[in-house]
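Colleague: Sharing a structure with you now.
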Amino acid sequence: MADQKDYYETLGVSRDADDDTIRKAFRKLSKKYHPDLNHAPGAEQKFKDINEAYQVLSDPQKRAAYDQYGSADGPQGFGGAGAGQGGFSDFGGGQGGFGGFDDIFSQFFGGAGGGAQANPSAPRQGADLQYRMDLTFEEAIFGKDTKISYDREAVCHTCNGSGAKPGTSPVTCHKCHGSGYIQVQRNTAFGAMMTRQVCDVCGGTGKEIKEKCPTCHGTGHEQERHTIDVKVPAGVEDGQQMRLQQAGEAGTNGGPYGDLYIVFRVAPSKKYQRDGSEIYLTIPLSFAQAALGDEIKVDTVHGAVELKIPAGTQSQTKFRLRGKGAPRLRGNGTGDQIVTVEVQTPKHLNEKQKSALMQFAAASGEDVTPHNGTLFDRVKEAFKGGK
């Protein structure tokens, strides 16, 4: 295989971990990186790697083969010809041009095609985290300053990340003598070969801890409840996210903290609708206001403003209130509020109102026959007339 994966490192367990330890580590990590719960970049791939590692280490036969050959497939996992392949893998098949030969080269040189394998003792950035923040409609528009608290894996305060008991220090690994790698014999397509792999005692660090820290038990990390100040920018929308650098989990080997991604969940407004920086509001308008025109007060998120309604305004007419929408992110001004009027037809008229409308109809040259009463009323009148 082109890249040798350290499944023990993926699950964060030692090579002599029992089945229960492996199962607990898998459950913890799969919950943490599940794509439905963690939308941070790289979380989905991490989840796949965790599942792959567990599928191998939870199966006694696959684990034994992996421990012996570095592959769950046994010796054929290192460039051996599969059935019906005539002894060669596909040339130029997206693996750097040498197909299965990259797998064999990796046994000698620690990487595909002789490339260098990643140094397991090198500093690595910690995992990213995600935090969902609920906002009201108005908070999303105007922004706010707040504090949030969440659980994360931090550098152990007792040993400062060394994993060693205070007053002691890690010592040179007795197995790899500080190199981080050991030579092992593996069966390949060319027979038994000596190859290099990450030391199973020190995990590639070149150091081993004789006396472990009583707080973190040698991991160098501990769980903490972390609280930080957050400035929510004005104009955020539902589903948008903001990155806070190095507010995630602690790195390994002295690497930096990961990042925290805050995902905003904005509650809908009972009055307004929003699309980007534009805010929409629908208001009722009486028949008289629409016909004669009027000057009315209209609510906006910035406060009430005057709006002139021209005479003869039709239902569904839209008016634009400049600068009364939501702020545009990155300081590009403020959007507008779009007001749509709905002309209301009166449902219940008194005699005076009916008379006025009849006069209006006559003045307009309309011959209107009012439809009075309900169907039940008209039926009653018909029976009365027949007596």
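Quick reminder: no glycine exception, Cβ is built from N, Cα and C everywhere.
Pulled the feature table from Swiss-Prot, pasting it below:
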type	residues	note
BINDING	Cys156, Cys159, Cys213, Cys216	Zn(2+) 1 binding site
BINDING	Cys173, Cys176, Cys199, Cys202	Zn(2+) 2 binding site
DOMAIN	6-70	domain 'J'
REPEAT	156-163	repeat 'CXXCXGXG motif'
REPEAT	173-180	repeat 'CXXCXGXG motif'
REPEAT	199-206	repeat 'CXXCXGXG motif'
REPEAT	213-220	repeat 'CXXCXGXG motif'
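Distances, neighbours, how buried they are, the whole picture for these features please.
Modeller: Remark: Cys159 (Zn(2+) 1 binding site) has Lys165, Pro166, Cys213, Thr215, Cys216, Gly220 as non-local neighbours, by Cβ distance under 8 Å and separation of at least 6 in sequence. Annotation note: Cys159 (Zn(2+) 1 binding site) sits in a coil segment as assigned by DSSP.
In sequence order, Gly180, Cys199, Val201, Cys202, Thr205, Gly206, Lys207, Glu208 constitute the residues six or more apart from Cys173 (Zn(2+) 2 binding site) in its chain with CB-CB distances below 8 Å.
Per-residue confidence over the domain 'J' (6-70) averages out at a pLDDT of 84.
Counting residues 6+ beyond its ends, the repeat 'CXXCXGXG motif' (156-163) has Cβ neighbours under 8 Å at 169-170, 209, 212-216, 218-222, 250, 254 in the same chain.
For the repeat 'CXXCXGXG motif' (173-180), the residues of the chain that approach it from at least six positions outside its boundaries are 119-121, 198-202, 204-208, judged by C-beta separation under 8 angstroms.
Residues 8-9, 15, 119-121, 170, 172-176, 178-182, 253 of the same chain sit 6 or more residues outside the repeat 'CXXCXGXG motif' (199-206) yet have a Cβ under 8 Å from a Cβ within it.
If one looks beyond the repeat 'CXXCXGXG motif' (213-220) by at least 6 residues along the same chain, the residues whose Cβ comes under 8 Å of a Cβ in the stretch are 12, 155-159, 161-166, 250, 252.
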Colleague: Count the residues of the repeat 'CXXCXGXG motif' (199-206) that DSSP assigns to helix (H, G, I), to strand (E, B) and to coil, and report the three numbers in that order.
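Modeller: The counts are 0 helix, 0 strand, 8 coil.
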Colleague: Rounded to a whole angstrom, what is the C-alpha distance between Cys156 (Zn(2+) 1 binding site) and Cys176 (Zn(2+) 2 binding site)?
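Modeller: Answer for this pair: 26 Å between alpha carbons.
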Colleague: Give the residue counts of the repeat 'CXXCXGXG motif' (213-220) per reduced DSSP state, in the order helix, strand, coil.
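Modeller: The counts are 0 helix, 0 strand, 8 coil.
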Colleague: Looking only at the domain 'J' (6-70), what are its DSSP counts of helix, strand and coil residues?
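Modeller: Taking each residue of the domain 'J' (6-70) in turn, the totals are 45 helix, 0 strand, 20 coil.
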Colleague: For the recorded Zn(2+) 1 site formed by Cys156, Cys159, Cys213, Cys216, which further same-chain residues have Cβ atoms within 8 Å of the site's Cβ center?
Modeller: His157, Thr158, Asn160, Gly161, Ser162, Gly163, Ala164, Lys212, Pro214, Thr215, His217, Gly218, Thr219, Gly220, His221, Glu222
Colleague: In the repeat 'CXXCXGXG motif' (173-180), how many residues does DSSP assign to helix, to strand and to coil?
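Modeller: So the counts come to 0 helix, 0 strand, 8 coil.
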Colleague: Whose Cβ lies within 8 Å of the mean position of the Cβ atoms of Cys173, Cys176, Cys199, Cys202, the Zn(2+) 2 site, other than those residues?
Modeller: His174, Lys175, His177, Gly178, Ser179, Gly180, Tyr181, Ile182, Asp200, Val201, Gly203, Gly204, Thr205, Gly206, Lys207, Glu208
